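Colleague: This is the feature table in TrEMBL:
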{"type": "REGION", "residues": "1-23", "note": "region 'Disordered'"}
{"type": "COMPBIAS", "residues": "1-12", "note": "compositional bias 'Basic and acidic residues'"}
{"type": "TRANSMEM", "residues": "37-55", "note": "transmembrane segment"}
{"type": "TRANSMEM", "residues": "61-82", "note": "transmembrane segment"}
{"type": "TRANSMEM", "residues": "103-122", "note": "transmembrane segment"}
{"type": "TRANSMEM", "residues": "128-147", "note": "transmembrane segment"}
{"type": "TRANSMEM", "residues": "154-175", "note": "transmembrane segment"}
{"type": "TRANSMEM", "residues": "228-247", "note": "transmembrane segment"}
{"type": "TRANSMEM", "residues": "275-297", "note": "transmembrane segment"}
{"type": "TRANSMEM", "residues": "303-321", "note": "transmembrane segment"}
Amino acid sequence: MDCENQDKDKDGNPSTAGSFNNNNTNNSIQTIDSTQALFLPIGASVSLLVMFFFFDSVQVVFTICTAVLATIAFAFLLLPMCQYLTRPCSPQNKISFGCCGRFTLAELLSFSLSVMLVLIWVLTGHWLLMDALAMGLCVAMIAFVRLPSLKVSCLLLSGLLIYDVFWVFFSAYIFNSNVMVKVATQPAENPIDVLSRKLHLGPGMGRDVPRLSLPGKLVFPSSTGSHFSMLGIGDIVMPGLLLCFVLRYDNYKKQATGEVPGPGNMSGRMQRVSYFHCTLIGYFVGLLTATVASRIHRAAQPALLYLVPFTLLPLLTMAYLKGDLRRMWSEPFHAKSSSSRFLEV
């Protein structure tokens, strides 16, 4: 293992080697198209049925895969903080690990902290650690996935709304059980416990580790501590992708047009309201409504049933009133010049 200075390319820009740097992040971004938006709810339904019928067979493999993904995602979440902490004491040198690549001290620190967190979660199963890993997964998915237009956003969110409502409200009539709730709440066997049984270790070796509730959701304890409220990470990621899209469009429009609306008329006041703030307020109102509905009915609620209307309808209305609906619907960033830059989120 040898330490190498960070390379420069021919234009004097830093090399893109390393797994977590910004250039590599931009190159890894996946843009969802219309076909993918239509088939994503179908794929999610198939995955849900596999977990419902074959959970006992795939739970260990699924837990290990989830732990690996959570480790990478949380390392990505910790990286900016680690870069800030290591900047005063370390230049941006890269340490070579042969075929594994070269990494900065900040990348190694963030990955090490993430591995420690995942190991503690596996050993304790604590809900706070699970929530931290779930937040890392949310941030990573929002960072690496893009919605290209309002049309794709509507297709994706509408399809997932139907998916959420069906599996929460109607699956019990077909499968005699609420498929969504059962899959979301069913704990998985701890890999340490499975390993101790396979190796015929003593009763104290791995037998006391808890079953794991997987980080596909955020959980919040109730005031009495008798039960937990849950919010699936899909209910965070999918509206989060929409928020990223409208934030990019807000910044693009500001830089492309340079419009400064006049203060004396309704049109001017409307122009000053950003799509991002409108959608963000709608998300919080929808989330509050879903929480109230869950308390009133004392049953699981499909959060997207409330989040999608409260985010999409105000956004579509505002885009129509501002005259941006046609552009946002199809190719919102098509006219961007090569010198124009808009915010990447």
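Keep in mind that glycine also has a Cβ here, set from the backbone N, Cα and C atoms.
Unlike curated records, TrEMBL annotations are generated automatically.
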Colleague: Out of 37-55, 128-147, 154-175, 228-247, 303-321, which stretch touches the transmembrane segment (275-297) the most, going by CB pairs under 8 Å?
Modeller: 303-321
Colleague: For the transmembrane segment (303-321), I need the partner stretch with the highest count of C-beta pairs below 8 angstroms, choosing only from 37-55, 61-82, 103-122, 128-147, 154-175.
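Modeller: So the stretch in question is 154-175.
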Colleague: When you scan the chain for residues with a C-beta under 8 Å from the transmembrane segment (61-82), skipping those not six or more beyond its ends, what do you find?
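Modeller: For the transmembrane segment (61-82), the far contacts come to 20, 51, 106-107, 109-111, 113-115, 117-118, 122, 132-137, 139-141, 143, 188-191, 212, 214-216.
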Colleague: When you scan the chain for residues with a C-beta under 8 Å from the transmembrane segment (128-147), skipping those not six or more beyond its ends, what do you find?
Modeller: 25, 28-32, 69-70, 72-77, 114, 117-118, 120-121, 153, 156, 212-219, 233, 236-237, 240-242, 244-245
Colleague: Please identify the stretch among 37-55, 103-122, 228-247 with the greatest number of Cβ pairs below 8 Å relative to the transmembrane segment (154-175).
Modeller: 37-55
Colleague: Please indicate, using numbers and ranges, the residues of the same chain that are 6 or more beyond the transmembrane segment (228-247) and have a C-beta under 8 Å from a C-beta there.
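Modeller: Those are 32, 44, 127, 134, 137-138, 141-142, 145-150, 153, 156-157, 160, 164, 184-185, 215-222, 274-276, 278-280, 283, 287, 291, 294, 303-304, 307-308, 311-312, 315, 343, 345, in sequence order.
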